[in-house]
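Data first, discussion second: the structure below is written as C-alpha coordinates.
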Amino acid sequence: MKGLKILGTGRCLPDKVVTNDDMRAFVDTSDEWIRTRTGIQTRHFCAEGESTASLGVKAARLALERAGISPEDLGACVGCTCSADSAAPTVASTIQRDLGLPKHIPYFDLNAGCSGFLYGLHVTRGLLLQSDKPYALLVGAETLSRVMNFQDRGTCVIFGDGAGAVVVKLEEEAPYAYTLGAEGGDDVIYIGGYGSKEPYIHMEGQKTFRFAVEMVPWCIHELLGQSGLKLEDIDWFVLHQANKRIIDHVAKKLGMPGERFYQNIAHYGNTSAASIPIALDEMAEQGLLKRGQKLLCVGFGAGLTWGGALLEW
Ligand code: UT7
(Lines of atoms letter the chains of each structure in order from A and count residues from 1; the text may use other names and numbers.)
(Lines give C-alpha, C1' and ligand atoms only; values in the text may rest on other atoms or scores of the structure.)
Protein backbone atom coordinates (compact mmCIF):
# COMPACT_ATOMS: atom_id res chain seq x y z
CA MET A 1 0.00 0.00 0.00
CA LYS A 2 1.49 3.33 -1.01
CA GLY A 3 1.80 5.77 1.87
CA LEU A 4 2.51 9.44 2.38
CA LYS A 5 5.92 10.78 3.32
CA ILE A 6 6.20 14.39 4.44
CA LEU A 7 8.99 16.16 2.58
CA GLY A 8 8.68 19.71 3.86
CA THR A 9 6.61 21.87 6.18
CA GLY A 10 5.85 25.55 6.77
CA ARG A 11 3.75 27.66 9.08
CA CYS A 12 2.56 31.22 9.40
CA LEU A 13 1.18 32.80 12.55
CA PRO A 14 -0.05 36.39 12.54
CA ASP A 15 2.30 38.79 14.36
CA LYS A 16 -0.35 39.86 16.86
CA VAL A 17 0.02 37.84 20.07
CA VAL A 18 -2.88 37.96 22.50
CA THR A 19 -2.29 36.87 26.09
CA ASN A 20 -4.85 35.44 28.48
CA ASP A 21 -4.79 38.71 30.36
CA ASP A 22 -5.55 40.55 27.09
CA MET A 23 -8.71 38.41 26.76
CA ARG A 24 -10.02 40.02 29.95
CA ALA A 25 -10.77 43.10 27.87
CA PHE A 26 -13.57 41.10 26.23
CA VAL A 27 -14.89 38.64 28.82
CA ASP A 28 -14.89 37.83 32.51
CA THR A 29 -12.01 35.36 32.61
CA SER A 30 -8.57 34.89 34.12
CA ASP A 31 -5.15 33.65 33.11
CA GLU A 32 -5.44 31.01 35.82
CA TRP A 33 -8.77 29.61 34.50
CA ILE A 34 -7.57 29.47 30.90
CA ARG A 35 -4.20 27.89 31.76
CA THR A 36 -5.56 25.25 34.08
CA ARG A 37 -8.62 24.31 31.97
CA THR A 38 -6.93 24.38 28.54
CA GLY A 39 -3.15 24.85 28.79
CA ILE A 40 -3.41 27.96 26.60
CA GLN A 41 -1.20 30.94 27.43
CA THR A 42 -1.29 32.97 24.22
CA ARG A 43 -2.88 32.86 20.78
CA HIS A 44 -2.32 34.83 17.56
CA PHE A 45 -5.02 36.95 15.93
CA CYS A 46 -5.01 38.37 12.42
CA ALA A 47 -4.66 42.07 11.87
CA GLU A 48 -6.39 44.04 9.14
CA GLY A 49 -5.03 43.00 5.77
CA GLU A 50 -4.33 39.43 6.87
CA SER A 51 -6.63 36.63 5.80
CA THR A 52 -7.00 32.87 5.88
CA ALA A 53 -5.61 32.76 2.36
CA SER A 54 -2.67 35.08 3.06
CA LEU A 55 -1.59 32.93 6.03
CA GLY A 56 -1.99 29.83 3.89
CA VAL A 57 0.11 31.30 1.07
CA LYS A 58 3.00 32.06 3.43
CA ALA A 59 2.93 28.61 5.03
CA ALA A 60 2.71 26.96 1.60
CA ARG A 61 5.67 28.93 0.24
CA LEU A 62 7.87 27.74 3.11
CA ALA A 63 6.75 24.12 2.78
CA LEU A 64 7.54 24.12 -0.95
CA GLU A 65 10.96 25.71 -0.39
CA ARG A 66 11.86 23.22 2.35
CA ALA A 67 10.63 20.22 0.37
CA GLY A 68 12.98 21.32 -2.41
CA ILE A 69 10.69 20.06 -5.15
CA SER A 70 9.80 21.63 -8.45
CA PRO A 71 6.21 22.95 -8.35
CA GLU A 72 5.83 21.38 -11.80
CA ASP A 73 5.83 18.01 -10.02
CA LEU A 74 2.80 18.85 -7.87
CA GLY A 75 -0.27 16.74 -8.56
CA ALA A 76 -2.74 18.57 -6.28
CA CYS A 77 -3.15 21.40 -3.81
CA VAL A 78 -5.80 21.14 -1.09
CA GLY A 79 -6.76 23.81 1.44
CA CYS A 80 -8.32 22.66 4.72
CA THR A 81 -10.35 25.29 6.53
CA CYS A 82 -13.60 26.02 8.32
CA SER A 83 -12.98 29.78 8.30
CA ALA A 84 -12.36 30.59 4.63
CA ASP A 85 -12.41 34.29 3.78
CA SER A 86 -15.15 33.73 1.21
CA ALA A 87 -16.92 30.91 -0.55
CA ALA A 88 -14.73 31.74 -3.55
CA PRO A 89 -11.93 32.14 -4.35
CA THR A 90 -10.70 29.25 -2.26
CA VAL A 91 -7.54 29.25 -0.16
CA ALA A 92 -6.06 26.69 -2.57
CA SER A 93 -6.74 28.75 -5.70
CA THR A 94 -5.27 31.86 -4.05
CA ILE A 95 -2.15 29.83 -3.30
CA GLN A 96 -2.01 28.85 -6.99
CA ARG A 97 -2.18 32.49 -8.02
CA ASP A 98 0.15 33.99 -5.44
CA LEU A 99 2.85 31.32 -5.76
CA GLY A 100 2.47 30.96 -9.53
CA LEU A 101 1.89 27.22 -9.26
CA PRO A 102 1.09 25.09 -12.32
CA LYS A 103 -2.49 25.53 -13.54
CA HIS A 104 -3.47 22.08 -14.72
CA ILE A 105 -3.89 20.27 -11.41
CA PRO A 106 -6.79 20.33 -8.89
CA TYR A 107 -6.99 23.22 -6.39
CA PHE A 108 -9.83 23.18 -3.86
CA ASP A 109 -10.68 23.60 -0.18
CA LEU A 110 -12.35 21.10 2.06
CA ASN A 111 -14.08 21.61 5.38
CA ALA A 112 -14.21 18.87 7.97
CA GLY A 113 -13.88 21.18 10.97
CA CYS A 114 -10.85 20.50 13.13
CA SER A 115 -10.39 17.12 11.39
CA GLY A 116 -9.89 18.91 8.06
CA PHE A 117 -6.17 18.21 7.78
CA LEU A 118 -6.74 14.47 8.23
CA TYR A 119 -9.51 14.44 5.64
CA GLY A 120 -7.17 16.42 3.40
CA LEU A 121 -4.39 13.87 3.73
CA HIS A 122 -6.58 10.99 2.64
CA VAL A 123 -8.14 12.94 -0.24
CA THR A 124 -4.67 14.05 -1.33
CA ARG A 125 -3.42 10.49 -1.34
CA GLY A 126 -6.39 9.50 -3.51
CA LEU A 127 -5.60 12.31 -5.95
CA LEU A 128 -1.95 11.32 -6.14
CA LEU A 129 -2.88 7.69 -6.80
CA GLN A 130 -4.69 8.98 -9.93
CA SER A 131 -1.95 11.40 -10.94
CA ASP A 132 1.30 11.04 -12.84
CA LYS A 133 2.87 13.58 -10.44
CA PRO A 134 4.40 12.43 -7.14
CA TYR A 135 3.83 15.38 -4.80
CA ALA A 136 0.95 17.32 -3.26
CA LEU A 137 0.64 20.48 -1.21
CA LEU A 138 -1.74 20.39 1.74
CA VAL A 139 -2.49 23.53 3.72
CA GLY A 140 -4.51 24.00 6.92
CA ALA A 141 -5.40 27.67 7.39
CA GLU A 142 -7.79 29.36 9.80
CA THR A 143 -8.79 32.82 10.98
CA LEU A 144 -11.10 31.74 13.77
CA SER A 145 -10.89 35.16 15.44
CA ARG A 146 -13.16 36.34 12.61
CA VAL A 147 -15.90 33.85 13.55
CA MET A 148 -15.64 34.18 17.31
CA ASN A 149 -18.20 35.69 19.63
CA PHE A 150 -16.08 37.90 21.85
CA GLN A 151 -18.87 37.90 24.44
CA ASP A 152 -18.79 34.12 24.88
CA ARG A 153 -16.03 33.25 27.33
CA GLY A 154 -16.56 29.54 26.75
CA THR A 155 -15.20 29.83 23.18
CA CYS A 156 -13.36 33.09 22.53
CA VAL A 157 -10.43 32.29 24.84
CA ILE A 158 -9.81 28.96 23.14
CA PHE A 159 -9.33 29.59 19.44
CA GLY A 160 -6.54 31.25 17.46
CA ASP A 161 -5.48 32.04 13.90
CA GLY A 162 -2.70 30.44 11.88
CA ALA A 163 -1.71 28.23 8.99
CA GLY A 164 0.46 25.17 8.50
CA ALA A 165 1.44 23.43 5.27
CA VAL A 166 3.04 20.18 4.22
CA VAL A 167 4.38 18.83 0.95
CA VAL A 168 3.74 15.11 0.79
CA LYS A 169 5.07 12.44 -1.54
CA LEU A 170 3.25 9.25 -2.45
CA GLU A 171 5.79 6.54 -1.72
CA GLU A 172 5.71 2.80 -2.20
CA GLU A 173 7.52 1.93 1.02
CA ALA A 174 5.85 4.44 3.32
CA PRO A 175 3.36 2.96 5.82
CA TYR A 176 -0.23 4.11 5.57
CA ALA A 177 -3.43 3.69 7.52
CA TYR A 178 -6.35 6.03 7.88
CA THR A 179 -9.67 6.44 9.58
CA LEU A 180 -12.28 9.13 8.94
CA GLY A 181 -15.77 9.53 10.27
CA ALA A 182 -18.56 11.77 11.51
CA GLU A 183 -21.60 11.79 13.72
CA GLY A 184 -23.39 14.76 12.28
CA GLY A 185 -25.47 17.41 13.94
CA ASP A 186 -25.16 21.01 15.04
CA ASP A 187 -25.97 20.53 18.71
CA VAL A 188 -22.35 20.29 19.91
CA ILE A 189 -20.32 22.60 17.65
CA TYR A 190 -21.87 25.06 15.23
CA ILE A 191 -20.07 27.66 13.11
CA GLY A 192 -22.36 30.08 11.27
CA GLY A 193 -21.45 30.36 7.59
CA TYR A 194 -21.71 33.10 5.00
CA GLY A 195 -24.76 35.28 5.52
CA SER A 196 -25.63 33.50 8.77
CA LYS A 197 -27.44 35.56 11.38
CA GLU A 198 -25.09 34.10 13.95
CA PRO A 199 -21.75 33.85 12.19
CA TYR A 200 -20.01 32.59 15.30
CA ILE A 201 -18.59 29.45 16.84
CA HIS A 202 -20.91 27.85 19.38
CA MET A 203 -19.49 24.91 21.30
CA GLU A 204 -20.74 22.62 24.04
CA GLY A 205 -17.32 22.28 25.64
CA GLN A 206 -17.92 19.34 27.92
CA LYS A 207 -19.72 17.27 25.28
CA THR A 208 -16.86 17.95 22.85
CA PHE A 209 -14.32 17.02 25.51
CA ARG A 210 -16.03 13.70 26.19
CA PHE A 211 -16.27 12.99 22.46
CA ALA A 212 -12.54 13.70 22.03
CA VAL A 213 -11.27 11.53 24.88
CA GLU A 214 -13.36 8.63 23.58
CA MET A 215 -12.65 9.00 19.84
CA VAL A 216 -8.92 9.76 19.88
CA PRO A 217 -7.84 6.50 21.58
CA TRP A 218 -10.32 4.66 19.33
CA CYS A 219 -8.69 6.21 16.23
CA ILE A 220 -5.20 5.33 17.47
CA HIS A 221 -6.14 1.68 18.07
CA GLU A 222 -7.88 1.57 14.67
CA LEU A 223 -4.74 2.83 12.90
CA LEU A 224 -2.51 0.42 14.81
CA GLY A 225 -4.88 -2.45 14.02
CA GLN A 226 -4.84 -1.66 10.30
CA SER A 227 -1.08 -1.34 10.11
CA GLY A 228 -0.12 -4.18 12.44
CA LEU A 229 2.01 -1.78 14.46
CA LYS A 230 2.18 -1.42 18.24
CA LEU A 231 2.04 1.78 20.25
CA GLU A 232 5.77 1.44 20.85
CA ASP A 233 6.44 1.47 17.08
CA ILE A 234 5.10 5.01 16.75
CA ASP A 235 7.71 7.74 17.10
CA TRP A 236 5.31 10.67 17.53
CA PHE A 237 1.63 11.14 18.24
CA VAL A 238 0.55 14.48 16.80
CA LEU A 239 -2.97 15.24 17.93
CA HIS A 240 -5.21 18.19 17.17
CA GLN A 241 -4.31 20.85 19.72
CA ALA A 242 -7.68 21.56 21.31
CA ASN A 243 -6.93 21.25 25.00
CA LYS A 244 -3.82 20.16 26.90
CA ARG A 245 -6.04 18.11 29.20
CA ILE A 246 -7.37 16.10 26.24
CA ILE A 247 -3.85 15.22 25.05
CA ASP A 248 -2.66 14.36 28.58
CA HIS A 249 -5.78 12.25 29.13
CA VAL A 250 -5.23 10.31 25.89
CA ALA A 251 -1.54 9.65 26.68
CA LYS A 252 -2.50 8.38 30.13
CA LYS A 253 -5.34 6.23 28.81
CA LEU A 254 -2.94 4.59 26.34
CA GLY A 255 -0.27 4.21 29.01
CA MET A 256 2.23 6.12 26.88
CA PRO A 257 4.75 8.74 28.04
CA GLY A 258 3.42 12.25 27.51
CA GLU A 259 6.67 13.30 25.78
CA ARG A 260 5.70 11.28 22.69
CA PHE A 261 2.63 13.54 22.29
CA TYR A 262 3.77 16.86 20.87
CA GLN A 263 2.07 19.89 22.39
CA ASN A 264 2.12 23.55 21.42
CA ILE A 265 -1.36 24.64 22.46
CA ALA A 266 0.20 26.96 25.05
CA HIS A 267 1.33 29.33 22.31
CA TYR A 268 -1.39 29.14 19.67
CA GLY A 269 -4.64 27.95 21.25
CA ASN A 270 -6.86 25.84 19.04
CA THR A 271 -6.21 26.62 15.36
CA SER A 272 -8.60 23.93 14.07
CA ALA A 273 -7.47 22.44 10.73
CA ALA A 274 -4.14 24.28 10.99
CA SER A 275 -3.09 22.85 14.34
CA ILE A 276 -1.49 19.58 13.18
CA PRO A 277 0.54 21.03 10.26
CA ILE A 278 1.69 23.89 12.52
CA ALA A 279 2.81 21.29 15.08
CA LEU A 280 4.64 19.27 12.40
CA ASP A 281 6.49 22.37 11.23
CA GLU A 282 7.59 23.22 14.76
CA MET A 283 8.73 19.66 15.34
CA ALA A 284 10.77 19.75 12.13
CA GLU A 285 12.29 23.10 13.08
CA GLN A 286 13.26 21.77 16.52
CA GLY A 287 14.96 18.75 14.96
CA LEU A 288 12.54 16.35 16.65
CA LEU A 289 11.65 14.55 13.41
CA LYS A 290 14.14 12.12 11.87
CA ARG A 291 13.78 10.60 8.42
CA GLY A 292 11.92 7.31 8.47
CA GLN A 293 10.04 8.03 11.69
CA LYS A 294 6.40 7.01 11.96
CA LEU A 295 3.85 9.65 12.90
CA LEU A 296 0.34 9.05 14.04
CA CYS A 297 -1.87 12.11 13.57
CA VAL A 298 -5.42 12.39 14.89
CA GLY A 299 -7.91 15.23 14.53
CA PHE A 300 -11.41 15.72 15.95
CA GLY A 301 -13.96 18.46 16.18
CA ALA A 302 -16.77 20.25 14.39
CA GLY A 303 -19.13 18.02 12.50
CA LEU A 304 -18.67 16.19 14.75
CA THR A 305 -15.86 14.59 12.79
CA TRP A 306 -12.75 12.59 13.47
CA GLY A 307 -9.80 11.51 11.40
CA GLY A 308 -6.50 9.74 11.82
CA ALA A 309 -3.56 8.86 9.61
CA LEU A 310 -0.30 6.96 9.88
CA LEU A 311 2.42 8.85 8.00
CA GLU A 312 6.15 8.75 7.50
CA TRP A 313 8.49 11.67 8.05
O1 UT7 B 1 -11.41 21.92 18.20
C2 UT7 B 1 -12.70 21.41 18.33
C3 UT7 B 1 -12.76 20.51 19.49
N4 UT7 B 1 -12.91 21.28 20.70
C5 UT7 B 1 -12.58 20.74 21.87
O6 UT7 B 1 -12.05 19.67 21.90
C7 UT7 B 1 -12.94 21.47 23.13
C8 UT7 B 1 -13.22 20.49 24.22
N9 UT7 B 1 -13.70 21.14 25.44
C10 UT7 B 1 -12.88 21.81 26.26
O11 UT7 B 1 -11.69 21.98 25.97
C12 UT7 B 1 -13.43 22.34 27.56
O13 UT7 B 1 -14.73 21.82 27.75
C14 UT7 B 1 -13.47 23.88 27.63
C15 UT7 B 1 -12.07 24.43 27.76
C16 UT7 B 1 -14.14 24.45 26.39
C17 UT7 B 1 -14.29 24.34 28.85
O18 UT7 B 1 -13.71 23.79 30.02
P19 UT7 B 1 -14.63 23.03 31.08
O20 UT7 B 1 -13.74 22.59 32.15
O21 UT7 B 1 -15.41 21.97 30.35
O22 UT7 B 1 -15.56 24.20 31.59
P23 UT7 B 1 -17.15 24.31 31.58
O24 UT7 B 1 -17.65 24.64 30.22
O25 UT7 B 1 -17.73 23.11 32.26
O26 UT7 B 1 -17.38 25.56 32.51
C27 UT7 B 1 -17.03 25.49 33.91
C28 UT7 B 1 -17.22 26.88 34.51
C29 UT7 B 1 -18.55 27.51 34.20
O30 UT7 B 1 -18.93 28.27 35.33
P31 UT7 B 1 -20.02 27.70 36.37
O32 UT7 B 1 -21.26 27.46 35.55
O33 UT7 B 1 -19.42 26.44 36.91
O34 UT7 B 1 -20.13 28.80 37.36
C35 UT7 B 1 -18.26 28.43 33.06
O36 UT7 B 1 -19.15 29.53 32.99
O37 UT7 B 1 -16.22 27.74 33.95
C38 UT7 B 1 -16.88 28.91 33.43
N39 UT7 B 1 -16.10 29.40 32.30
C40 UT7 B 1 -15.11 30.29 32.41
N41 UT7 B 1 -14.60 30.91 33.48
C42 UT7 B 1 -13.58 31.75 33.28
C43 UT7 B 1 -16.25 29.06 30.99
N44 UT7 B 1 -15.34 29.72 30.25
C45 UT7 B 1 -14.62 30.49 31.13
C46 UT7 B 1 -13.56 31.39 30.96
N47 UT7 B 1 -13.06 32.00 32.06
N48 UT7 B 1 -12.99 31.66 29.75
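Placement of Cβ uses the backbone N, Cα and C atoms for every residue, glycine included.
Annotation for C114 (active site): spatial neighbours C82, H240, A242, N270, S272, A273, S275, G299, F300, G301, A302, T305, criterion Cβ-Cβ under 8 Å with sequence separation of six or more. DSSP classifies C114 (active site) as strand under the three-state reduction. Residues or ranges marked as active site by TrEMBL: C114 (among others).
H240 (active site) falls outside any helix or strand according to DSSP and counts as coil. Among the features that TrEMBL reports, active site is placed at H240 (among others).
Look at TrEMBL and you will find N270 (among others) tagged as active site. In the three-state DSSP classification, N270 (active site) falls within a strand.
In terms of DSSP helix, strand and coil, the domain 'Beta-ketoacyl-[acyl-carrier-protein] synthase III N-terminal' (108-174) has 22 helix, 26 strand, 19 coil. Taken from TrEMBL, the feature domain 'Beta-ketoacyl-[acyl-carrier-protein] synthase III N-terminal' covers 108-174.
What TrEMBL records for 225-313 is domain 'Beta-ketoacyl-[acyl-carrier-protein] synthase III C-terminal'.
Feature annotation from TrEMBL assigns region 'ACP-binding' to 241-245.
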